[in-house]
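Asks: So TrEMBL lists the following for this protein:
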{"type": "COMPBIAS", "residues": "195-223", "note": "compositional bias 'Polar residues'"}
{"type": "COMPBIAS", "residues": "237-251", "note": "compositional bias 'Basic and acidic residues'"}
{"type": "REGION", "residues": "179-251", "note": "region 'Disordered'"}
{"type": "TRANSMEM", "residues": "32-56", "note": "transmembrane segment"}
{"type": "TRANSMEM", "residues": "62-85", "note": "transmembrane segment"}
{"type": "TRANSMEM", "residues": "97-119", "note": "transmembrane segment"}
{"type": "TRANSMEM", "residues": "144-168", "note": "transmembrane segment"}
Amino acid sequence: MYEFPQVGFVEAFKLFWLNYVNFKGRSRRSEYWWVMLWHVIIASATGIVSIIMIFIPIVGPFIAIILWLLLIVYSLAAFIPNLALLVRRFHDRNMTMFLPIFSVVLSVLYNFVYFMALITSGDFMSTGHLNSANASYEVEPSGWLYASLVLLFVIIIIEIINFIITVLDSHKTANKYGPSPKYTQQAGPPHQFYAQPQPTMHQEGPTQSHSSVPRDTQTQDNQPTHDDTQLTDLDDLERGNRKPQDDPYKY
């Protein structure tokens, strides 16, 4: 089984926006947590610069307000792709999108219930509820407040489960949501090509040479021949009335 290289820091942020509303397929662990790191860096940098701008006279507070507004716009723009990325991370663990969607629904419901709790319990600040004897305000908890506390507890439990799922490794095999983005069943990289067997040198049929003369014989015929009778020693040269310096093989 071969493991693909992990998604890079910049590549993960690019995939985050390219898959803006992609609730299908799978996303591996590195892709998810690189994006979370991007969010932390952007939010931290914006917050630090905004705090510094507050202490700069005249234009500083104005710049700080603009930065906070940009951060709010970024958070709203990243809401849907964050949910889509979490769903794909659950798909990578062979789990449905029920829990991520359910956590979002609970968060919206909690904000509504908490807002209603503030409204219903806000009249305790009026003078009619002021106890002049001990100069304190009597707070009357409403059902909205208790409901918001219950929802908050459930949301915390679900977020813990979501966190555990996001730190788990990818499912090693393909599932109903697609192939694994991290593992493959091949022994090597998918783009690796193995050497093909080379064709044999001697082939039959139409590819056979039309010449009936063996290759070795043709090679010998093409090579120049040497006359061994030209190689003589000194005695032969003297007997033949030839000078020794005329023989190139003497020395």
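Backbone N, Cα and C define each Cβ position, glycine as well.
Bear in mind that TrEMBL entries carry predicted annotations, made automatically and left uncurated.
Since we're looking at a predicted model, the values are computed, not measured.
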Asks: What else in the chain is close to the transmembrane segment (144-168), if you only count residues 6 or more beyond its ends and a Cβ gap under 8 Å?
Replies: 29, 32-33, 86, 89-90, 93, 95, 99-100, 102-103, 106-107, 109-110, 113-114, 116-117, 120-121
Asks: Same chain only, please: residues at least 6 beyond the ends of the transmembrane segment (62-85) with a C-beta under 8 Å from a C-beta of the stretch. Say none if there are none.
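Replies: Beyond its ends, the transmembrane segment (62-85) has Cβ neighbours at 16-17, 19-23, 27, 31-32, 35, 39, 42-43, 46-47, 49-51, 53-54, 56, 100-101, 104.
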